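Worksheet for the structure shown next.
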Amino acid sequence: MWVRVGAVVAVAAVTLVVPAVPVAARAPGCGPTVTDPLAAAPWPLQRLRPENAWPLSVGTGVTVAVVDSGVSTEHPTLTGKVRAGRDLLDAPVSGGPAGTCDENGHGTLIAGIIAGRENTSGGYRFHGIAPAATIVPVRVLRDQRRSTEADLSDRIADAVRWSVDQGGADVINLSLTTPPTPGLEQAIAYAIGRRVVVVAAAGNEGGQNRGGAVYPAAYPGVIGVAGVDEKDGHVGSSTPGDFVDVAAPGDNIAGPSPAGGGYLFTQEGGTSFAAAYVSGVAALIRGYAPDLTPDEVSRRITATADHPPQLWTREVGHGVVNPARAVGALRPGTAAAADGGRVPDPVREVDPLASSKVVAGWVGGIGAVVALLALVSVPVVRRGRQRGWRPGP
C-alpha cells in the first residue's frame, strides 16, 4: 500500500499544517521510506501530455528553485537532477548537500512533478513536466504537523532572494501560502524584476475564503494556480479568487518518495501539486525562449490554457494549463506569438475543461507534506487589471 499524503489545510496566522506520516514509514534519516511502485499511470501526465512539447523543449538549462521542505536526491527520478541548495532552518540537518534532507516528503514530490526524469515503476511511467530542468532546493519548512513560527514569512522571503542571487533560479515554485508581509512582497518583486518566473499555489481554503487574497499567489506578477480533478472539475478545497490565473491537476497525485525508491500518493491532493505542474510548464517555456520576461511567460501560459466557457473564472482562472500549446505558441507565425499570447475562443460549446482538465495543487501534502497556509481576508482588485491585460482571448 502506498504511503498516503494528506491534504494541507489553511489556518490562521503563520501556522503550518501538515498531515503526520506513520512512524513506520519514516527513514532513520530524512523523510518517509517508501518502496511501493506506482499502482497506476499518473492521470495528470495522461491529461497534460507534456511529451507533446518535448520536441521543442525539455527544460534544458533551466533551474527551478523549490522553496519547500527540502528535496531528496535518492529517488531514481531525481538522481543527478538536484543541486546543492540552502537550508534556512534554525537547526539544519547535516550529512548531505544543503537542502536535500526532506523529512516531510512534500518537497521531493513537488520536485519530481516539475523535473523528474523518466522512471518505470510497476509497469507505469513517471516523469516530470520538464525532465531536463535542474532543481535547487531551499528548505524552509520542518517535518511537523503544526508550527507557529513568527518569522516564517521572512524566511520564505529570504529563500526567494537567495534563489535569485545565489541559486541561479529561472523559475521559483512556492507550493505554500502565508500571511502577506512587506518583506515577502519586496522579495517577490525583486525576483520578478530580475526576470525570474514565480509560481504559487492558490491555497486549500476552498469556500472558507470569502473573497480574500491568498499570498504569495496574489502578489502582482505571480502565477496563481488552482486545482482540478480527473473529471476536470474544480477541486473543492482549492481556494477561488481574483488572484487565480490558471489551473492544473490537484488530487490523486503520485510522486517520488525521499527514500526507498517508491512513490508517495495523496488522494486529497492540493494546490501545492498544481503549482508544481505549472512551474514545469514555465521551465519548458524558459528552455525554449529564455529571453521572455516573467510577464510574457505568464501570458503564454494563461492565453494557451484550455479555457472554461466563460474564458476566466474565480475557480480555475483561464483554465487548465496546456504544455504543448504554451511552448508551441512561441514558434514564429503562430497567432499566440503574434498577439502576445492570445488564443481563439473554444470551438465547442461544452466545457473545454471536461476533456483535459488538470488539477492544480500545491497546498496539499504527501504523507507528511509541509505547507504554510493562513486565512487572509484582505480584498484585492482583480490582478488582471493590475497587470493591464484582459482575461482570455
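Cβ coordinates come from backbone N, Cα and C, glycine included.
Heads up, TrEMBL stuff is auto-annotated, nobody curated it.
Taken from TrEMBL, the feature active site, charge relay system covers ASP68, HIS106, SER272. Sequence annotations record features per position, and here TrEMBL assigns domain 'Peptidase S8/S53' to 59-319. The signal peptide annotation in TrEMBL covers 1-20. Look at TrEMBL and you will find 359-381 tagged as transmembrane segment.
Locations of recorded TrEMBL features on the structure.
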residue : record                           : Cβ within 10 Å
ASP68   : active site, charge relay system : 32
HIS106  : active site, charge relay system : 39
SER272  : active site, charge relay system : 42
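When the alpha carbons of SER272 (active site, charge relay system) and HIS106 (active site, charge relay system) are compared, the span between them is 9 angstrom. Rounded to a whole number, the distance between the Cα atoms of HIS106 (active site, charge relay system) and ASP68 (active site, charge relay system) is 7 Å. In the three-state DSSP reading, HIS106 (active site, charge relay system) counts as helix.
Under the three-state DSSP scheme, ASP68 (active site, charge relay system) falls in the strand class.
Computed over the domain 'Peptidase S8/S53' (59-319), the whole-number mean pLDDT of the model equals 93.
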